[in-house]
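This report concerns only the one structure given below.
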Ligand code: HEM
């Protein structure tokens, strides 16, 4: 983590134990801030919490939301890496990034724990601090959905007043999704992905296609240890974990506020229920019925 150039060779083990027999303690003296701070920016991160109510439970709501935003950011980064690698026909790099993202999704999902058992009374104690604020307005979550192929131009509207987020979302809307890159890659590998799918407008929501279902059916009917099955399974794992996040969110919401309307203006649980039934990478699920 130090910004100093790394020593060319590691010290010999005996050099790490001075003559008095005690193992060397970490350095204490730095000019200015510590190299840890310079790299991690921990003081910025740990001073971004400004609860608006007197309720002691608001802090964990705020921090959990911030932690999830950070995980969204890492996962978006991984899926960008995977999409880029597929564009270059580099399957090992794509698989590595997708696999990392599944561990990150598991950590993201584990972050529900502190919010999963809120009573309505506990949530009400700070709900008004949110005002009209809602995770629905998360720009990073929207980028994550866009990468999955769940595109929607109307989701840019809330961000019109934030030029950086708007520009990032507009780019994510109009460029091919991770799934678009997967299908283009499968076509280059000789699979019969229809031209209409390959040439589709990437800014539109991906709609399942029977010919793509047949492609996955063919792949899954082939050698069980094949590279393309490994790719299919990595994507299936991603899809399952996204579905789990949505369901954990739904159940936490149902416990915390029943059937009340959401702070973002939706019908609340009824609206989330509808969103949570959708399957990411749809043909990877439906093809299984035919293998
Ligand atoms: C128990 C606490 C929570 C409750 C009661 C809750 C409630 C809701 C509700 C009712 C909605 C629907 C939109 C609306 O009208 O507001 C929503 C959407 C959303 N929430 Fe939460 N939420 C909670 C925690 C979180 C956390 C910690 C995150 C993390 C960032 C989050 C992220 C989102 C996202 C991304 C959406 C949009 C989902 C979509 O577009 O399909 N929520 N939430």
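Every residue number used here counts from 1 along the chain in the order it is shown.
Backbone N, Cα and C define each Cβ position, glycine as well.
What TrEMBL lists as compositional bias 'Low complexity' is 1-18.
Annotation comment: TrEMBL describes 1-32 as region 'Disordered'.
Positions annotated as substrate binding site by TrEMBL: 127, 263. Sequence-distant neighbours of residue 127 (substrate binding site) (same chain, 6+ residues apart, CB-CB distance under 8 A): 257, 263. A helical conformation is recorded for residue 127 (substrate binding site) in the three-state DSSP classification.
Annotation source TrEMBL lists heme binding site at 249. Cβ neighbour count for residue 249 (heme binding site): 19 (other Cβ atoms within 10 Å of its Cβ, all protein chains included).
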Requested in this report: Measure the Cβ-based neighbour count of residue 263 (substrate binding site), defined as the other Cβ atoms within 10 Å of its Cβ.
Outcome: 19
Query raised in the report: Hey, does DSSP put residue 263 (substrate binding site) in a helix, a strand, or just coil?
Result: coil
